[in-house]
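Visitor: Got these off TrEMBL a minute ago, pasting:
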- 1-21: region 'Disordered' (REGION)
- 28-416: domain 'Catalase core' (DOMAIN)
- R72, R112, F161, R358, Y362, R369: heme binding site (BINDING)
- H75: active site (ACT_SITE)
- N148: active site (ACT_SITE)
Amino acid sequence: MDEHNDRKNSKDEQLDIFRTDDRGKELTTNQGLKVSEDEFSLKAGVRGPTLLEDFHFREKLTHFDHERIPERVVHARGFGVHGEFQLYKNMEKYTRAKFLQDTSRKTPVFVRFSTVNGSRGSADTVRDARGFATKFYTEEGNYDLVGNNIPVFFIQDAIKFPDLVHAFKPEPDNDIPQASTAHDTFWDFVANNQESAHMIMWIMSDRAIPRSFRMMEGFGVHTFRLVNEEGKAHFVKFHWKPLLGTHSLVWDEARKLAGIDPDFHRNDLWGAIENGFFPEFELGVQILAEEDEFSLGFDILDATKIWPEEDIPVNIIGKMTLNRNVDNFFAETEQVAFHLGNVVPGIDFTNDPLLQGRLFSYLDTQLLRLGGPNFHEIPINRPVVPFHNNQREGFHRQTINLGKVSYHRNSLAGNTPSPVSPDKGGYATYQERVDGVKIRARSESFADHFSQATLFWNSMSPPEKMHIIEAFSFELSKVKSESVKQQVVDMFANVDMELATAFAINIGAHPPARGGSAVTKSSPALSQENTVKSVQTRKVAIILTEGFNGPEVNYVLYRLINEGIIPEIISEHIGMVHGTEGVVVKAEHTFLTAKSVLFDAVYMVRGSNTNVMFNKDAAYFIDEAYSHYKPIGATGAGIEWLRVNQILGQPGVITGTDMQDFVTQFIEAVAAQRFWYRELA
Ligand code: HDE
């Protein structure tokens with residue numbers, strides 16, 4: 001319980017009250033009765049029937065039978081971690097939210113990353129948007145920023161959300177495919193709901209297969225409002241920027257990882273935090289004056305639109321550090337309940353029809369998932385400030401509310417709990433003027449579905465464009481309906497003719513007869529080519545066998561670790577491997593467990609003189625890493641391997657005899673991360 005005192009904060013202290021440690025204790029029933037036998041049920045005779053009287057057996061089995069709760073209808077598979085947020089800049093000019101004013105305060109946070117489509121047990125590396133939901137435990141109550149790693153959404157109005165989800169989930173007759181959009185109903189939805197065009201471009205891009213939860217951006221997606229002390233409002237879009245940069249897997253790698261390590265992203269995040277490499281994300285805001293609401297050429301209430309960063313800069317205002325893993329996955333990650341309606345004074349909504357619908361859905365969904373209206377009392381969901389109101393009873397109520405009064409207005413309790421005026425911290429809704437007739441319709445200003453999809457395409461580097469074409473080709477190759485395939489080709493001709501033509505040919509559809517876009521604008525911030533490139537926590541596989549060059553390997557290990565790179569040794573067996581000059585290193589893997597997709601780079605030191613299988617595996621490992629565009633290094637006997645694989649001299653393939661020089665170049669290559677132009681060299 002005192003395991004992480006250095007990282008204690010108000011939320012952590014609160015959780016302490018609920019932590020319980022069964023280790024070293026006597027076994028009891030839930031009633032505290034000491035149990036003398038936990039292996040045999042109570043029977044009438046040793047070979048006779050089990051007795052109903054066996055209260056211990058029944059309690060144990062009944063509890064077990066009820067261990068599962070419904071998984072989230074979307075974002076079922078997630079991974080949560082604790083951390084804290086600290087502000088760089090006082091934002092009082094824009095908002096009265098205290099946690100956005102006080103730069104000295106550390107606000108505890110809980111973040112749950114997730115995939116959207118798959119079930120709880122699905123693989124981490126599937127092609128999908130990722131959820132990025134943050135609960136700030138502020139001194140004014142909980143504020144939830146429930147975002148994704150993609151800044152736009154498939155639809156413009158929440159009423160279509162059930163249709164969208166029915167289309168992308170496994171098909172209802174056979175429940176296939178799991179955690180994949182590569183099937184008929186999804187693409188049928190896309191072609192017949194063309195507002196999805198922009199989101200689809202992101203989903204087909206590298207953004208949908210992140211390298212790590214630690215290496216993806218987060219977006220609030222909707223336009224929100226910041227409101228200051230004077231009641232003046234500004235429109236705002238929220239961004240999370242990872243300090244490690246935004247990085248992705250390649251598709252072949254992602255698919256293999258889904259089998260080799262379905263928990264790849266969980267392992268990565270858990271391990272990084274356990275090893276003290278705390279993921280950091282900066283919070284950015286794009287701010288737009290109310291008077292400029294109609295100045296952008298699109299509707300800011302339309303969640304299929306971004307505000308290009310080059311037009312409205314992202315102002316970095318603070319940093320979140322994720323520094324503590326959960327103690328218990330179910331208690332914390334599974335039971336955490338996010339809700340867009342969890343706001344603090346100074347943060348308000350807009351009329352984005354997607355946002356408005358979410359304000360209903362998140363509260364509603366928890367009632368089923370967490371079994372009643374008292375889920376705010378579950379430890380992970382409690383604010384760090386007290387709550388008082390006249391809500392009472394319901395399933396699983398924990399608080400014992402004192403007194404007779406549970407209504408407002410009253411005289412028996414001095415009319416308390418009493419509402420608080422806005423100048424004393426009470427939440428007051430922003431007084432936006434609203435005037436209109438009741439109507440079921442969509443504003444004409446939401447009609448342009450393609451311009452920003454083209455903006456995204458225009459902003460991609462050639463390799464990124466290639467990946468998008470490949471992703472469309474893959475997904476649509478899995479679609480059985482020729483009609484749906486053709487509809488999708490014709491739809492994306494509106495985004496770009498080259499794109500639609502390229503995948504049309506790959507999937508055996510007719511290239512589009514007409515299409516094209518007049519949009520020539522691009523936004524460099526959208527391309528991952530322009531992201532931060534860091535070697536921190538990159539994993540390098542070091543392949544060696546007995547008799548390796550001791551001083552050389554020692555030197556390489558020293559330099560890599562010094563840079564924050566994580567080297568892991570693969571050898572013929574796990575355990576100590578002996579090199580020259582008395583150097584001994586510990587191999588953590590054999591090729592049985594270590595596959596190239598689990599690493600960011602390879603350093604080949606030495607194969608085996610006798611073990612043909614090992615050499616075959618090593619050659620395959622290097623070849624696969626090469627085909628995934630990863631840095632490859634070799635020295636001494638290792639160089640011959642690269643010659644045999646015919647990759648010497650290719651970009652990102654580093655060899656050398658001067659060790660200092662070699663390691664410097666190799667580290668630079670690890671920083672560059674991928675060498676897309678290999679085949680062309
Ligand atoms: Fe969600 N979404 N969503 N969503 N969403 C849920 O709430 C919903 C949308 C997002 O880690 C559900 O507690 C509707 C956009 C995340 O616990 C549910 C609409 C964005 C998470 C729900 C949207 C998101 C959810 C399911 C269309 C990015 C996981 C379980 C109007 C800005 C939170 C739950 C976690 C989860 C409804 C669209 C992000 C059913 C109706 C846009 C990160 O309430």
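Cβ from N, Cα, C; glycine included.
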Visitor: Could you check which of the recorded positions R72, H75, F161, Y362, R369 is the closest Cα neighbour of N148 (active site)?
Guide: H75
Visitor: Work through the binding-site residues one by one (R112, F161, R358, Y362, R369) and name whichever has its CA nearest to the CA of H75 (active site).
Guide: R112
Visitor: Highest Cβ count within 10 Å among the binding-site residues R358, R369: which residue is it?
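Guide: Compared across R358, R369, the most Cβ atoms within 10 Å surround R358.
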Visitor: According to DSSP, which kind of secondary structure is H75 (active site) found in, if we only use helix, strand and coil?
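Guide: The three-state answer is coil.
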Visitor: Run through the Cβ atoms and count how many others sit within 10 Å of the one on R72 (heme binding site).
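Guide: For R72 (heme binding site), the 10 Å Cβ neighbour count is 21.
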